[in-house]
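Some features that TrEMBL has for this protein:
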type	residues	note
TRANSMEM	62-81	transmembrane segment
TRANSMEM	88-108	transmembrane segment
TRANSMEM	114-139	transmembrane segment
TRANSMEM	160-180	transmembrane segment
TRANSMEM	202-221	transmembrane segment
TRANSMEM	228-248	transmembrane segment
TRANSMEM	351-380	transmembrane segment
TRANSMEM	392-411	transmembrane segment
TRANSMEM	444-466	transmembrane segment
TRANSMEM	478-503	transmembrane segment
TRANSMEM	523-542	transmembrane segment
Amino acid sequence: MSQNVPGADTRDMQEKQLLNQMADKEQRPLPGRSNHAGNLSQSEKKLREAICVLLVELCERFTFFGIVCNMILFCTAKLGYRNYQAAIVNMCFVGISMLTPVLVGWLAECFVGRIKLVCICMFLHFLGTALLPVVAFPFEDIYIDRRHILHTLTQREQKIVFYFALLTASLGIGGIRAIVCPLSAYNLEDCGLKELLSFFNWFYWLVNLNSAVVFVSISYIQQSVARNLGFLIPFVSMLMAMITIHMVRGEMIYKPKTDSSLLTTFGVMSSALKVCCVRYHYFSGGVTNWLDHAKENYGGQYSETQVESTKSLARLFPLFAFQILYRTCIMQIPSGYYLQTMNSNLHFGGFVLPVAAMNVISIVPLLILVPILECINLCLFSSKDTGQSLTTYIVVGQLSAALSVMVAGFSEVHRKHFPQLEQMLSEEVLLVSSMPCFHLAPQYILLGVAEALVTPSCSLLSFWLVPERIRGISMHFLTLFNGAGCFMGLCLILQGKLILLQMSALSGNWFPHLLHEGKLERFFFFLASLMMVNTLGFWTIAHRYVHGTDLHLTWLCTNLQKALLLSQRAKKDFYL
């Protein structure tokens, strides 16, 4: 199966020559400088590049969280959506934003040059963030004079522009995350297991610190101060990211290593399935794994190294699959939990709290736990114990997520017992429960603990348990399964009432427009039961990922032995 596309090799060769020229310039010492000074300048250059990449990453995340933080409130108050419709729109945007890096990475490998694709994605992201303030017109706090207000769009036109802005912004996010800010940009090849764990812990710590700033500042501006002008903040953040990319574009366009593409991985799988279907009666003879059928020795068309790399990636598929329901639980923060908070009493000492500010309660445990876990990993665990600690963190974190959703169900029952009152949000009067929103804090805290334990550990296992050449592909697959978790939550919302009717004689809508008239607690209890089963399922297979370092070293030794055998055979054939 040929994977070459006309014109792609020429573009790749030109970009490779450009990157090699930049690398030569970096490695060439200046006249009059010693090698020590050259090494120092090289390390300083790498540090500056890492800082620029991190700055772009934080600006992009700032833009992303700025769009997501009050999307449900904007859809319900401004566009007239019902609660379940607003939750679906929010989940679709988050899910597409997770999947587009994989799509853009594939396009960069096959059809479009990486530099050109980055420019296209930056333009799309710029266009999407620029159109969001247009949807928010008229700006109630900006007048031409005392009699005339700025021109407004009809609601149908607003929805069209809104969807187009979200689509272009999500496509632009893919280019920045896949090409400008991949993990290869942080030079993690020479890091050990503990160093990698520290990197992932502190990386997600910074990302969540960034999101905490967004949820406190932008959510308050969008809800209380100038709710429409608040959409200009993600636009300004995106401009900063674009300026940074333009200034150091030569150092921030990263090209993956050869033979480590998504097409190669999918090609190995499809080739193995094809040979299995044609020669199914040979499956049990001489082949220990179904992917071995893709090898050239067994009738396939892929090398030994490519197939063995794909086999090591396939061992992680159960780990990825058990992240789908977990990601569905995490998606309750911007959907189900947000609706609960929006329909609770937000008054606190004469001040109306922003709805999205409650998300900070789920971020605080992560900001506290990461330094504690870092000390535990450095002081108590050795490299051999790290695999055991990672799987333990994932099991405990998934259990915490299940408890969080269960507590949310009880909180919803508790919330309905309070009398209702009128509350103004974004200049709209809503009939909400008089229960203080801080009664919902335990479910946010439990979900924050889950994020602190699961996400860095799962990312590290996905990165470490595969050969170095396909680590980027492994992270792409983890992203695909995380995106599937977002769309699974969407399907549960759409099919919730039907599932309830099939399982029992109960009736009710899981995501009604008025929460006190619906059965949102049943959705939480159902999701909690699924998450408990998911946690038990992962616990039964967790032993496969305990000795991750042993698996990695075994894979390397096996391939070295096979390479020696092949070289000996080649020498014998030569002399014969």
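Every residue, even glycine, has its Cβ placed from backbone N, Cα and C.
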Proximity verdict for the transmembrane segment (351-380) and the transmembrane segment (444-466), three or more C-beta pairs under 8 Å: yes
Any contact, the transmembrane segment (444-466) to the transmembrane segment (523-542), with at least 3 Cβ pairs under 8 A: no
Same-chain residues near the transmembrane segment (523-542), Cβ under 8 Å, at least 6 residues beyond its ends: 318-319, 322, 325-326, 328-329, 332, 336, 391-392, 394-395, 398-399, 401-403, 405-406, 408-409, 412, 492-493, 496, 499, 510-511
Long-range neighbours of the transmembrane segment (160-180), counting only residues six or more past its ends (CB under 8 A): 53, 56, 60, 63-64, 67, 79, 89, 93, 96-97, 99-105, 108, 114, 117-118, 120-129, 131-132, 134-135, 153, 241, 245, 252-254
